[in-house]
Amino acid sequence: MYHLIKQLPRAIIIGVRKGGTRALLEMLSLHPDVVKVSQEVHFFDNDLTYAHGVDWYLKKMPFSFPHQITIEKSPAYFITEEVPERIFKMNSSIKLLLIVREPTTRAVSDYTQVLEGKERKNKTYDKFEELVIDTNTCEVNTKYKAVRTSIYTKYLEHWLKFFPIEQFHIVDGDRLITDPLPELKLVEQFLNLPSRISQYNLYFNATRGFFCLHFNFMFNKCLVGSKGRIHPNVNPSIKEKLQRFFHPFNQKFYQITGRTFSWP
């Protein structure tokens with residue numbers, strides 16, 4: 001036990017909300033050299049917690065062996081203006097993981113999570129189509145947070161004022177659902193970890209419709225039931241309008257990151 005210590009994260013999953021941050025963290029924790037922070041700490045995006053200082057943050061970290069790396073995730077980090085500078089002040093050479101999905105799919109997923117929360121409280125909520133389109137202009141409503149968050153390049157450009165692109169690794173959140181292993185191998189390489197995660201650690205659960213984790217012969221784990229929610233049907237013309245809107249931002253994102261996706 002005396003070898004166990006608390007370490008500040010050497011890698012952070014900074015976002016994006018509804019991109020697959022929880023799945024990524026859980027899957028990376030299959031690696032024997034990775035220790036995950038189970039709860040979202042919200043240290044860098046919350047002024048009150050940030051005021052507690054780095055010692056408070058360190059206390060929130062799990063115990064680990066010196067050779068292991070601690071990873072935390074808080075999806076709000078990506079879109080919160082103060083965060084890049086605050087993380088830079090703590091560790092300017094930290095590795096940053098950003099997991100993204102096709103922007104329209106991500107926006108619908110974001111809406112679905114909020115809708116479910118409203119329904120649990122017996123509250124009504126506007127239809128997705130009514131929120132994403134500005135009724136006055138009939139254009140895409142960029143004031144709606146679910147739309148704004150999907151403009152990845154807008155936030156990434158701000159992060160690049162503090163960190164070089166080499167310190168970011170972009171994870172394909174859509175591929176992590178359908179074929180996780182290749183994405184996890186890329187993350188292992190980025191984090192300079194020995195190759196340990198294998199097909200043995202991942203098995204497809206037909207009932208849930210996505211992959212679950214196999215840690216050892218005694219312990220398996222699936223993500224909680226709220227993951228993989230059924231999305232509402234969206235009017236195809238609205239979907240198309242959103243895809244057209246996101247297209248130029250996506251092209252810019254590919255250019256900056258050097259990673260291309262087959263997004264419409």
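Each residue, glycine too, has its Cβ placed from N, Cα and C.
Since the structure is predicted, the reported quantities are computational estimates derived from the model, not experimental observations.
Listed in TrEMBL:
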DOMAIN    9-253  domain 'Sulfotransferase'
BINDING   LYS18, GLY19, GLY20, THR21, ARG22, ARG101, SER109, LYS227, GLY228, ARG229, ILE230, HIS231  3'-phosphoadenylyl sulfate binding site
ACT_SITE  LYS18  active site, for sulfotransferase activity
DISULFID  CYS212-CYS222  disulfide bond
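Sequence features annotated in TrEMBL and their locations in the structure.
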residue: LYS18; record: 3'-phosphoadenylyl sulfate binding site; contacts (Cβ under 8 Å, 6+ apart): PRO75, ARG101, ARG106, SER109, ASP110, GLN113
residue: GLY20; record: 3'-phosphoadenylyl sulfate binding site; contacts (Cβ under 8 Å, 6+ apart): ILE99, ARG101, VAL171, GLY173, LEU176, ILE177
residue: CYS212; record: disulfide bond; contacts (Cβ under 8 Å, 6+ apart): LEU202, TYR203, PHE204, ASN205, ASN220, LYS221, CYS222, LEU223
residue: ILE230; record: 3'-phosphoadenylyl sulfate binding site; contacts (Cβ under 8 Å, 6+ apart): THR112
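Burial estimate for the recorded positions (ARG22, SER109, CYS222): highest at SER109, by number of other CB atoms within 10 Å. For the domain 'Sulfotransferase' (9-253), the model's pLDDT averages out at 94.
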